[in-house]
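Trainee: So TrEMBL says this about it:
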DOMAIN    4-206  domain 'Phosphoribosyltransferase'
BINDING   ARG77, ARG102, ASP129, PRO130, MET131, LEU132, ALA133, THR134, GLY135, GLY136, SER137, ASP198  5-phospho-alpha-D-ribose 1-diphosphate binding site
BINDING   ILE192, GLY197, ASP198, ALA199  uracil binding site
Amino acid sequence: MVTVFDHPLIKHKLSILRMKQTGTKQFKEIVTELSMLMGYEVTRDLQLEEMPIETPICKTTGYSLAGKKIALVPILRAGLGMVDGMLSLLPAAKVGHIGLYRDPKTYEPVEYYCKLPSDIDKREVIVLDPMLATGGSATAAIDFLKKRGAKHIKLVNIIAAPEGVEYVKSHHPDVDIYVANVDEKLNEHKYIVPGLGDAGDRLFGTK
Ligand code: PRP
Ligand code: URA
């Protein structure tokens, strides 16, 4: 399942994120805000259990999150920008990290780091990366997670190219993808068009 968001706040904030004059501070803030807004929908199917509670007025039935515990797994670097927004909704989630960069010549993902919660096989996993371009990085990250026993995986991206969505779907049809917008295409350097440029560089001010 691919969920594309159609919400005025998301469209508004995403447009500011795309603008080339948006600086690092605002870029980071908006990535956090978008992650929270998307997180609302990503967590819609979380299970609840009833619990008795007492208000100042009377006893009633409240609800508490039940079911599987959650792991957030940002793909380094740019996925880091999405962690705080998601954690503000899911403060008990554990955070794993997968380090991948795209080789500038082959555009293939290269792994340089992987540290996951030891019980990742028992958790619902939410993979975070603002950009889904060729889909190589997300597919490699999901491959690692499945090798470590993860079974319930969602992928959350801010911008995707149609090619990346198809690539992930073809390799991991069981993974639900949530994306704020599916853009037009990839250019000859495998950058998303119109996109927002290099998310990692814009987030960390490295260019
Ligand atoms: C970016 C982005 C994704 C990847 C997407 O990371 O954050 O991880 O590219 O491209 P793909 O779908 O074609 O694999 P990058 O490799 O630039 O590393 P960075 O986050 O460290 O800047
Ligand atoms: N990675 C990015 O940061 N941006 C793109 O457009 C493609 C890959």
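Glycine is no exception: its Cβ is also placed from the backbone N, Cα and C atoms.
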Trainee: As a check: which entries in ARG77, MET131, GLY135, ILE192, the binding-site residues, place their Cβ less than 6 Å from an atom of ligand 2?
Mentor: MET131, ILE192
Trainee: Please list, in sequence order, those binding-site residues from ARG77, GLY135, SER137, ILE192, GLY197 with the Cβ less than 6 Å from ligand 1.
Mentor: ARG77, GLY135, SER137
Trainee: Determine, using Cα-Cα distances only, which of these binding-site residues is closest to ASP198 (uracil binding site): ARG77, ASP129, MET131, ALA133, SER137.
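Mentor: When the Cα distances are compared, MET131 comes out closest.
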Trainee: Given the binding-site residues ILE192, GLY197, ALA199, find the one whose Cα is closest in space to the Cα of GLY135 (5-phospho-alpha-D-ribose 1-diphosphate binding site).
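Mentor: Answer for the nearest of the binding-site residues: ILE192.
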Trainee: Going by Cα-Cα distance, which of the binding-site residues (ARG77, ASP129, ALA133, SER137) sits nearest to GLY197 (uracil binding site)?
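Mentor: Smallest Cα separation from GLY197 (uracil binding site) among ARG77, ASP129, ALA133, SER137: ALA133.
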Trainee: Can you check which residues sit near ASP129 (5-phospho-alpha-D-ribose 1-diphosphate binding site), meaning Cβ under 8 Å from its Cβ, same chain, 6 or more apart in sequence, and list them in order?
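Mentor: Spatial neighbours, sequence-distant, of ASP129 (5-phospho-alpha-D-ribose 1-diphosphate binding site): PRO74, ILE75, ALA78, GLY79, MET82, SER137, ALA138, ALA141, LEU155, VAL156, ASN157.
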Trainee: Given the binding-site residues ARG77, MET131, ALA133, which lie within 10 A of ILE192 (uracil binding site) by CA-CA distance?
Mentor: MET131, ALA133
Trainee: Measuring Cα to Cα, how far is ALA133 (5-phospho-alpha-D-ribose 1-diphosphate binding site) from ALA199 (uracil binding site) in Å?
Mentor: 11
